[in-house]
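As structure tokens, the structure follows; a few thoughts come after it.
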Amino acid sequence: MDVTGDTVPPANLRNEYAADLGLTESNLAGDWYTQFDRWFTEVVAAGLPEPNAMVLGTADRAGRPSARTVLLKGYDPDGFVLFTNYGSHKGTELAANPYASLVFPWFMLQRQVVVTGRVDRLDRAETEAYFASRPRGSQLGAWASEQSRVLPNRSALDDAYRAMAERYADGVPIPAPPNWGGFRLRPDGVEFWQGQASRLHDRLRFRSTDGGDWVVERLAP
């Protein structure tokens, strides 16, 4: 293919990493949750846009993968929380194959976190509590959008939103849709990546063993 113009070949793009502080076994926290909390706090303080954006990877029963960017809505020692329409592409894949991965691409700080694990639905009380905290426009949007369904045009979505706005007019409380809710990814592996010079990056992974303990492993970059 003859490509002309100002296109820059991806192979010519270079970025040298030179972290002031490497990631070592001595400065790593004692557990994945504390380490993630430390880095997440630093990302927020640094003012990165959408610091809670993460790439969610799923696969169907046949092993065909898909990925998309979603927003982290909570984390604790039990795992990472997100919300979606259960009938969406990711929702149906998680129902069929309840294992997933998360990637937090914090490249402005020369960092990345990769998480793998099993995914469970949140109980209804947790979903409803979070839904009640959402802006009203987002609540209406959850009712209006049959996520991942093919639409004939943009007007169909706008019309559905207006219909929901009329249905719940005058400040009527908006309940969580029955097909909308949360998932918690319970990690069995959490890798922390810190960029370093000469592509000799630091990769330290917390991995859950069959016995339920956690071990720390250094991975080759």
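Cβ coordinates are placed from backbone N, Cα and C, and glycine is handled just like the others.
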For the FMN site that Swiss-Prot assigns to Arg68, Thr69, Val70, Leu71, Leu72, Lys73, Phe83, Thr84, Lys90, Gln147, Ser148, Trp193, Arg203, which of the candidates Gln35, Gln112 is also assigned?
-> Gln112
Based on Cα distances to Leu72 (FMN binding site), point out the closest of the binding-site residues Arg14, Arg134, Arg199.
-> Arg134
Counting Cβ neighbours within 10 Å across all chains shown, tell me which of the binding-site residues Arg199, His201 comes out on top.
-> His201
Please compare the binding-site residues Arg14, Arg134 by how many other CB atoms fall within 10 Å of each one's CB, and tell me which has the fewest.
-> Arg14
One of the binding-site residues Arg14, Glu16, Arg134, Arg199, His201 has its Cα closest to the Cα of Val70 (FMN binding site), namely Arg134
